[in-house]
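What TrEMBL says about this protein:
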type	residues	note
BINDING	Thr44, Ser45, Val167	FAD binding site
BINDING	Tyr224, Arg279	D-dopa binding site
DOMAIN	5-325	domain 'FAD dependent oxidoreductase'
SIGNAL	1-19	signal peptide
Amino acid sequence: MAAPRVAVVGAGLIGLSTALRIAEVIPSCCSITLLSEQFSPNTTSDVAAGMLIPHTYPGTPIHVQKQWFKETFTYLFAISNSAEASEAGIHLVSGWQVFKNPLEAEVPFWSDVVLGFRLMSAAELQKFPQHGHGLAFTTLKCECPPYLLWMEKRLKANGVQIHTRKVADLWELHSEYDIVVNCAGIGARQLVGDQQLFPIRGQVLKVHAPWVKNFIRDGDGLTYIYPGTHSVTLGGTREKESWCLSPDPGTTKDIFDRCCSLEPSLQRAQDIRVKVGLRPSRSCVRLQREVLSQGGARLLVVHNYGHGAGGFSVHRGTAKEAAHLVEECIAALEGFSSKAKL
């Protein structure tokens, strides 16, 4: 049997990390091509703050979500401790998640994965007079687009072909590829007709405020301050079913005011830039195999999309699972080839 031809559709965070994981675990027995209409800095992932604080997926078991997060944190932590940390844009950041009301559960499922997790002291809470409760911990932040460009570079080093191409229908790839990995993000709604997938519009501000060193996240996750290497991300919004990519000036003012109430020194922030992205959301990440067939021909598909607001926290974990599904597809192709010879 000839080496299987694998196409990964989508060059955002999920597409790049999935292609990279496939290249790492099965480099010698298949050819890998990455296809996308858009690349960094023009992807939804480029808008994201890149903080590793898990989002909860109602349709996915907690132990699975924790495993994805743990694998992602472990992978990025190793990079942050390497000589490539600066190029990859990965660094540790400490801070607080604060709440106005008592916590329903004092210990979230990810508390033993992040570093130094603890309840905030009364002295620390004096910084946030409107909040009476809080969590303190250290986590990781991925800078975008450096992290995406770092992954692109590693893909090329692993022999992955990268092409700019708009894919309108997965079936159009069946004559060129044996396995297609669908990492199309919000594009999967039209690409595969997934009506369970919907956009959650996010508007954020990127500001110059180098004195802000700690992250601050309000309990509901809607208001946040995430310091990065070159800018601080202020957020945000969660507008379900909104497809609008144009910045809204009223929303910009609201975000800025909310963040200044948490960190008054931001009043002096400069160079305010507005970014908008559409988070590809569903009740659970779609991570599964599928066989498409027409007229006796067939195409093996692996889906990995629908990460919503939590992609950075779990991307390596879901990439590992998707790569395993690709291995299963290769085994199925080999079995099919053997039967055909008989």
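Glycine residues also receive a Cβ, built from the backbone N, Cα and C atoms like all the rest.
Keep in mind it's a predicted model, so treat the numbers as computed, not measured.
Features per TrEMBL, on structure.
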{"residue": "Thr44", "record": "FAD binding site", "Cβ contacts under 8 Å, 6 or more apart": "Gly12, Gly185, Ile186, Gly277, Leu278, Arg279, Pro280"}
{"residue": "Ser45", "record": "FAD binding site", "Cβ contacts under 8 Å, 6 or more apart": "Gly12, Leu13, Ile14, Cys144, Leu148, Gly311"}
{"residue": "Val167", "record": "FAD binding site", "Cβ contacts under 8 Å, 6 or more apart": "Val9, Leu35, Glu37, Leu173, Ala184, Leu191"}
{"residue": "Tyr224", "record": "D-dopa binding site", "Cβ contacts under 8 Å, 6 or more apart": "Ala49, Met51, Phe215, Ile216, Arg217, Asp218, Thr233, Leu234, Gly235, Gly236, Cys259"}
How far apart, in angstrom, are the most distant Cα atoms among the FAD-binding residues Thr44, Ser45, Val167? 19
Using Cβ atoms and a strict cutoff of less than 8 Å, what residues sit near the signal peptide (1-19) while being 6 or more residues removed from its termini? 29-36, 38-40, 43-45, 48, 147-148, 151-152, 155, 160, 162, 167, 170, 173, 176-185, 187, 191, 304-305, 307, 311-312, 315-316, 318-319, 322-323, 326, 329-330, 333-334, 337
Taking the Cβ of Arg279 (D-dopa binding site) as centre, how many other Cβ atoms lie within 10 Å? 24
